[in-house]
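*Asks:* One structure, as structure tokens, below. Some questions next.
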Amino acid sequence: MALLSTLTLFPAYSLDTSILVAVLVGVLILALLTETLGWVFVGLVVPGYLASVFVIHPEAGCTVIAESLLTYGLALAFSSGLSRTGAWSEFFGRDRFFAVVLASVVVRAVSETWLLPVLGHWMDERWGTSFIVDRSLHSIGLVLVPLTANAFWKLKLRRGLWQVAVPVALTYVILRFVLLPGTNLSFSSLELMYEDVAQDFLSSPKAYIILLTTAFLAARFNLKYGWDFNGILVPALLALTWLEPLKLAATLAEVLLLVLAAKAVLSVPGLRTLNLEGPRKTVLVFCLGFLVKWGIGWAMGGRIPGLKVTDLFGFGYLVPTLLAVKMLQKQVIARVLLPTLHTSLAGFLIGSLAGFGLSLIEPRPATALTAEAPHEQVPGLGLDQSPLGLMVLGRATARESDVGGQSLRLKHGDLREYSGLWSGLDAWLESGRAESLNALRTKAVALGLELRELPKQDGVPARFALVERAAGAGKAGWDTSLLVPGAQGPVLEVPRPLTEAPSAEAAALLCERVNCRAVIVSGVDSRRAGLVLGDALAQSETPLRHAHDALSSRERVQLRVDPSLKPGQVVLHTPDGKAPQGLDLLWPGATVTAHPPPEPGGNWGESRVSVLRAGAFDLASLVIAHAQALAAPMTERDALGTLMVTPEVARVPAVQPSDAELLVLEQQVASPLLGGGTADVPKELRSRWAGAMAALMGLRVHPVTECAGATTGCWWVTDAEATQGRLGAGLMVRPGGSPLALEVPSPAREAGTLPVAAELWHESRSTALVFATASGDVPHPATFGELRTSFQAFHQAVHRALPKEQGWVLHLRGFSGRPSVEADVLVDVGSPVLTESQRPAELERLLSREGPLGWLGQRVRYHDGSPELTGLNDASPQQVFSRTFGGARLATLWLSEPLRGAFVGPRLVAEELAITGLLPEEPRESPERALLADRLVAPTQPVSAALKEHFAELTASAERYVAQQNVHDLRALAQTKRVGNVTRQVKSGFSAEYGLPFLLVEARQGKQVLRAVYFLQQHPSPAKRAELTAGDAELASTVDLALRHRRPVVLTGEVSREEARR
């Protein structure tokens, strides 16, 4: 294989990354088997197409076979069933093939929406595979399944399986062991195309409607008018090209060229007398077509900037061939071409109208992607698993109004039962006996309550929670209680958890000081909740008052927040002006008095009732002092770099937060960091308060340093270590930033959107960046109706924090497979934009060349409601929320596949670097440091021609590899050697900061140095490479900016004398 290892057979930018080569090999093998063994010449595209699928995605190949068998069985059953009823005869000819096509659509719809996900989940759970996460269990192509199923039916199943398997296996062997390793043929760059277009059956329903409609018309026209198209799929596939007139024109031009070429070849002496009919003529015409494409590729590939050579080829692998063969057989062109065009156009128009009509009545959200059902949900974030968390939950669930349709006036009978429950709880708390626990639980359940034990801790007595059950139409207003059986201390009561916050949170910590037996947090608060005096203890028909009366034999302490008290001023009111035994530990240094509190209420004067008054600052400081410290600080560069790299550890199961947890996440974690939050926590304590609340739910708040544009430093809310993906969302906050927020709802499925957003957040100095985690188990947060997500909670906090007039929230989404959009950035502002005057001025400024988002490119288009933009509009919960409540506006930026691809590394790059011996020397390396190494200075003389020539050769190979991802270009770079007095070097590295591998190419001659950095990307950066010179005062910042935009960077310089001496 030494000779073949450098054999460049196929032209670059065209056939070297096309499965057309595989189709040619399959057709030749099928023709050989037909000539030698008499096998049927059917399903010409199947061997090459299916063999290529097995090379790239073996799982997809197996799926195609399985779906083909199901299609064959369904079509056969349909045909036999109809014939037995007498309504129709058994299908034959074109009717049979149409039945196969129709059955294949039904099978794919069922398998893609239900069967394959269920099977993938089952296999993942049973054998530890990752089919669902990798999305590798899928079918491919529009016609591969029906063509394979038709071969099974035409030959009968047993013979069909054999005659399909043999040519596919032979083609696979030639591809896998000859062409791919021995020539410049490469399938690596087909990965993104398959993921975004061919495999996504659910995102292309109109294509299937047009295909079926045209195939049906072709079958009817053939029967009625005798029109022959060489197969009903020919006009059906041609109908798909009417949206792209250039592709249609290219197809027709190729057909005419093939007819002329075939006639010319068949008129050559020696060939005129040969029998070239039937399969032989088809093979001849297809080979001529391949030679034409091969010649065009060599003539034009890479020579015309911006030209994609494959755009000059006809549509489909065999459509031009089949049309040309039929014209040669009929010896006419118009009689074949015009009916084909007529049928394809009719099918396109009727199918489009049918699709449009169905889209009007389709009950689906207008989003590009649909969400998958959660794989394994863990109930809640664990807020209710600790005493402090339980008290936070009590505050979050307390009702302050009667909105929501749930009455807050409990029945007298239920309140009597509640009093009885507390009488039983009092006896159980005193004795601590477990025998009565089951009876108490039964009473609690009858009232809609739940009595359960909190997680045990070493050295800590058992603690229980009495809470309202989450299931049901809404909260009825029952109290939230912490119970400590066997404790001898007092009962702490919190009558106003909302209007006197953070009294409930502080009660959890005060309970530990005095060894309290219970903490009871009222489930209702304020006059709007039906309390006449605004206090649950001042009104007889409240749950807290009934519990208070049932515990009359116990010492009870009410916690009150008094804004008139100064920090450090705490007052304990007792009936006799002395602290009862044990209460002196409640708040050391508190002033004890017999004077009634400012609002004595109806309970003051009762025996064994005390009131503790303190300011919100003191109570908040108490909570913060006992909370976990904030997470370790990170620089902005490190924090953003963490977002770029997919974590190596396994993700934990998805979590569905409760409504209360989402409320805490919004109001007590995100809002304080954004400069808001409730007035009960002083501003100087809000970041630490947010950290404390986050820790209760297994989250961390990291301070982010070196964050430009922030008034007090930035913050990052994320999952704790070893729990990546648990929350389902992350938040980065820049206090005092610009009135702009960025949100990325689908970074995993729309690859590249999160890295783009991270760079935009840095450059625009946005106030917030909200992003969904890469876990595929959580609901897609941009799906219509998915309101109960962490992403939505963060969005609501961000929306409220932005200025109402100038604030903007930008959703970053991704689209692919839509060449007719003709834009890198599609802007959707929620309604069609038909004129330039309708474009929001602030968005125009942001997207202008000089604006912070201008580097995204100038191919910007506003959504104007055109048909080709169907599905690229936003009906997400975030859009609905922003429109409903007003204030900051929301727009969606749909980013094209090439733009996003510049921020995503190729899937096979690690393997290809290993094969070629270019593995990085260090696991993580900075491309900026590698580029600026040796302290190069400004060149003192022009670069020599020899150095320029050798460097141009290196950069051309690097750019070719980035564009084509052909491993042979990488192998050539790896074999770079010194030539004459020019030293050439190529190294690779991995940038954790940018989440991409990169190549460093360098050429030296004496002191002169030419050096370049190229990121290895799924799509080359659409921006031009940056040409820089050492010695420039702004060199470091210019390099940093270019690398952030993922542009190639070329540096010209000289080695300084000091560096040369070293």
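The backbone N, Cα and C atoms fix where each Cβ goes, and this holds for glycine too.
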*Asks:* Can you dig out which of the ranges 69-85, 630-646, 885-901, 987-1003 TrEMBL describes as transmembrane segment?
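*Replies:* It is 69-85 that TrEMBL describes as transmembrane segment.
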*Asks:* Pairs of Cβ atoms less than 8 Å apart decide it: which stretch in 39-57, 97-116, 160-181, 249-271, 312-328 has the most with the transmembrane segment (12-32)?
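*Replies:* The listed stretch sharing the most Cβ pairs with the transmembrane segment (12-32) is 39-57.
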*Asks:* Relative to the transmembrane segment (249-271), which of 39-57, 225-243, 283-300 accounts for the most Cβ pairs at distances under 8 Å?
*Replies:* 283-300
*Asks:* Could you check whether the transmembrane segment (312-328) and the transmembrane segment (225-243) come into contact, where contact means at least 3 Cβ pairs under 8 Å with the two residues of each pair 6 or more apart in sequence?
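*Replies:* Between the transmembrane segment (225-243) and the transmembrane segment (312-328), which are separate recorded stretches, there is contact, as judged by 3 or more close Cβ pairs.
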*Asks:* To the transmembrane segment (69-85), which of 39-57, 97-116, 283-300 is linked by the most Cβ pairs under 8 Å?
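*Replies:* It is 97-116 that shares the most Cβ pairs under 8 Å with the transmembrane segment (69-85).
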*Asks:* Check the transmembrane segment (97-116) against the transmembrane segment (283-300) for contact, please; criterion is three or more CB pairs under 8 Å, pairs 6 or more apart in sequence.
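*Replies:* Answer no: the transmembrane segment (97-116) and the transmembrane segment (283-300) share fewer than 3 Cβ pairs below 8 Å.
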*Asks:* Go through the chain and flag residues at least 6 beyond the ends of the transmembrane segment (283-300) whose CB is under 8 A from any CB in it; none is fine as an answer.
*Replies:* 10-15, 20, 24, 27-28, 31, 44, 254, 257-258, 261-262, 265, 276, 307, 309, 312-314, 318, 320-321, 324-325, 328
